[in-house]
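What follows is one structure encoded as structure tokens, with my remarks underneath.
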Amino acid sequence: MAPVASRRVRRRVRSSKRPDARGRSAEDWWWDRLAPRGSGYHLLQADSMLLVLPDLEPPRARAHRRARRRAPRSLARGPTAVAKPRTKPRPEPSLDQGLDSGWGDRIPLEVLVHIFGLLVAAHGPMPFLGRAARVCRHWHEATSHPSLWHTVTLSPSLVGRAGKGNLKGEKKLLACLEWLVPNRFSQLQSLTLIHWKSQVHSVLELVSKFCPRLTFLKLSDCHTVTAETLVMLARACCQLHSLDLHHSMVESTAVVSFLEEAGSRMRKLWLTYSSQTTAILGALLDNCCPQLQVLQVSTGMNCNNTPLQLPVEALQKGCPQLQVLRLLNLIWLPKPCGRGVPQGPGFPSLEELCLAGSTCNFVSNEVLGRLLHRSPKLRMLDLRGCARVTPSGLCHLPCQELEQLYLGLYGISDGLTLAKDGSPLLTRKWYHTLRELDFSGQGFSEKDLEQALAVFSGTPGGLHPALCSLNLRGTRVTPSTVSSVISGCPGLLYLNLESCRCLPRGLKRVYRGLEEVQWCLEQLLTSPPSAKEPT
């Protein structure tokens, strides 16, 4: 079979005739047009195709070879002439020889580890450390430093079809981890597993044996996570205090067993809402995690329309140290409290409350008061989609140094009666600390917005306000109000004026950066009065 195959593909052999010879055929002319001499390409003819392929040899070496072949030979004069030995041409220095090949060895190991640490912090340890370890022994020693492997993300590559290919990729990566974990992960602190379907137990078993300093574990889109696996990890890693189960199929019994084992040291917990979330919240209400600081419950890819009934006062007693509470895109309602029941202990350490959602929710002034009546340290309040909350209810909150306030309504205010006044109550209370403000979709009148935003242009004492982000999308803000806000807030870096019906055409867009915001101010100040009429 080999001789037959060799006859099918052949390389075109050029004729020894000169290009300008009279006997040159049309075929030779086309071959020279497709692959001219010295172009670095040659032709390969098959049964039904013609391939133009690059030469494998470098052009410089080929030029030297042709120069030697074309050099005229010296004729011997007489019978005693002796042929002179052919001298090889002196090779030209290459680029690699011109550079100093030992510069990497002269860098101290501590400096090299620090440089690699900067790269790892920006892009992660893999695949950079694996490639750098092949450069030289000095670099291999630097990449093996355990401090460079404190944060690792492991995701098997998909080979072939999604089902069988993922299992093949998991087994291949697991074989590498059997050497990598005991030799590199001794100081591992943060581990993230993504898209693991069947080998989660094997990976976490290796981690429990060789990673005693693990503090954070994230399982994203992982399956077959059992209670035995999580309990084994909780017992082996005594410093583990953060667990992220966002978008993972984990049984509630496994999470409850883990919290019973490691709940006393838990600081952060991320959950995806499902029908089993109530059992996990029940463990939190029983004071299973008294030191919990961050709690996030959000919907997954498949939205669950079953409302979550949250006992607010019981959560305040079970998690008194809570600093961040996020209930994202949930349909939830607080458990009603009976008449004459005193208020709960509140969240005295709460700094961030996020109740944003894209659907109608049951958050009102009364619910907000039950959550924040004892939260003076609140810095961020996200109420996007909470159309039932009014400015009069917000101004009674005990927090005095709010920095981020989001009240945007994105497409859910249709058919609802929105407040047309009250925005000055918010800006007058928090103008000295507000850095980000979102009024998008609110129904405040032109005069009400003018009074509210005028606070940022006339701050007492000559101090500039801290406002750097302002979202007025879909509001009735006027050009004069916008220009006064920009003039009074020199640090404004984000301004959203989309769908503002009172602004002229050409200015209803998003402005990012100081230059774009100042350009908007120039257009408002220099445009004629006729152009400032609403369109």
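Placement of Cβ uses the backbone N, Cα and C atoms for every residue, glycine included.
Owing to the predicted nature of the structure, the values given are computational and were not obtained by experimental measurement.
If you check Swiss-Prot, you get these features:
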REGION    1-25  region 'Disordered'
COMPBIAS  7-16  compositional bias 'Basic residues'
DOMAIN    54-106  domain 'F-box'
REGION    61-99  region 'Disordered'
COMPBIAS  61-72  compositional bias 'Basic residues'
REPEAT    169-195  repeat 'LRR 1'
REPEAT    196-221  repeat 'LRR 2'
REPEAT    222-247  repeat 'LRR 3'
REPEAT    273-299  repeat 'LRR 4'
REPEAT    304-329  repeat 'LRR 5'
REPEAT    330-357  repeat 'LRR 6'
REPEAT    360-385  repeat 'LRR 7'
REPEAT    386-411  repeat 'LRR 8'
REPEAT    415-441  repeat 'LRR 9'
REPEAT    474-499  repeat 'LRR 10'
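In the predicted model, the repeat 'LRR 7' (360-385) shows an average pLDDT of 92. With a cut-off of 8 Å between Cβ atoms, the residues of this chain six or more beyond the repeat 'LRR 5' (304-329) that come close are 273-275, 277-278, 281, 284-298, 335, 337, 341, 343-359, 367, 370-371. A Cβ distance under 8 Å defines the sequence-distant neighbours of the repeat 'LRR 4' (273-299), meaning residues of its chain 6+ beyond its ends; these are 242, 246, 251-253, 255-256, 259-260, 263-267, 306, 308, 310-311, 314-315, 317-330, 349. Put simply, of 222-247, 330-357, 386-411, 415-441, 474-499, the stretch with the most CB pairs closer than 8 A to the repeat 'LRR 1' (169-195) is 222-247.
The listed stretches are 222-247, 386-411, 474-499; of these, 386-411 has the most Cβ pairs under 8 Å to the repeat 'LRR 6' (330-357). Panel annotation: around the repeat 'LRR 8' (386-411), residues 355-358, 360-365, 368-369, 372-380, 418-419, 422-423, 425-426, 429-430, 433-442, 466, 471, 473 of the same chain, lying at least six beyond its termini, place a Cβ under 8 Å from a Cβ of the stretch. Packing against the repeat 'LRR 9' (415-441) from elsewhere in the chain are residues 384, 387, 390-392, 394-395, 400-409, 448-449, 451-453, 455-456, 459, 465-475, 496: each is 6 or more residues past its ends and has a CB under 8 Å from a CB in it.
Counting only same-chain residues 6+ beyond the ends of the repeat 'LRR 3' (222-247), those with a CB under 8 A from a CB of the stretch are 193-198, 200-201, 204-205, 207-209, 211-216, 253-255, 257-258, 261-262, 265-272, 294, 296, 298, 300-301.
The DSSP breakdown of the repeat 'LRR 1' (169-195), given as helix, strand and coil counts, is 16 helix, 5 strand, 6 coil.
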